[in-house]
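Chemist: Pasting the feature list from TrEMBL:
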type   : residues : note
DOMAIN : 94-142   : domain 'LysM'
């Protein structure tokens, strides 16, 4: 009879080896440096890689301080000043031959000063408001100092007016002017706010504004024309409406003319 196959013995040997590994663990990695093991005395690295030393530029880490350099400052260039015009004003305005806006009334309005101030600072200007205007080739003082502009209750912006709308109250003692070119930007509410009155007062003193105030304010007014608006009354007088008398006019006079 033949002996049994060796397969059984091989399986038993494999099981024995596996159990040996489970019962007696094997070292698979060194603890710490391998050179410290007596059986592995490594005294030098296997190889080295040369690395060039780095050079760093010095860095200034200090916090920079601000300088007194104000940057670019615009210095306007003006035409020569008109005869006897003040030379130390905060702001000047050149004659502008491309627009109609050289009248003293317009310039005073635009720079928030009075026509009297404008005439004081520029003695060469006409003292007649209706003819007062900047002249070609000159610049004029329009703001003497930062506190020259109008403040307060609005009485300082009263302008001398020689023609008013027909229903303006007769006891009005303070007028301002509006210009046709302002029709898209300056309203009845703006007037009231600027001179510190109410819109109700504005309408009461200027009955011709009844209806649509902003529309009536600029009705039939060209861009280069102005119109008087009452912005203050004499409370000691009886309020009535009146019109300014003028000499007879020709039959073809334009309706709504403010000055004759």
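From the backbone N, Cα and C atoms, a Cβ is placed for every residue, glycine too.
Buried or exposed, and what's around them? Tell me for each listed feature.
Modeler: Confidence in the domain 'LysM' (94-142), given as mean pLDDT, stands at 87.
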Chemist: In the domain 'LysM' (94-142), how many residues does DSSP call helix, how many strand, and how many coil?
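Modeler: Helix, strand, coil within the domain 'LysM' (94-142): 14 helix, 7 strand, 28 coil.
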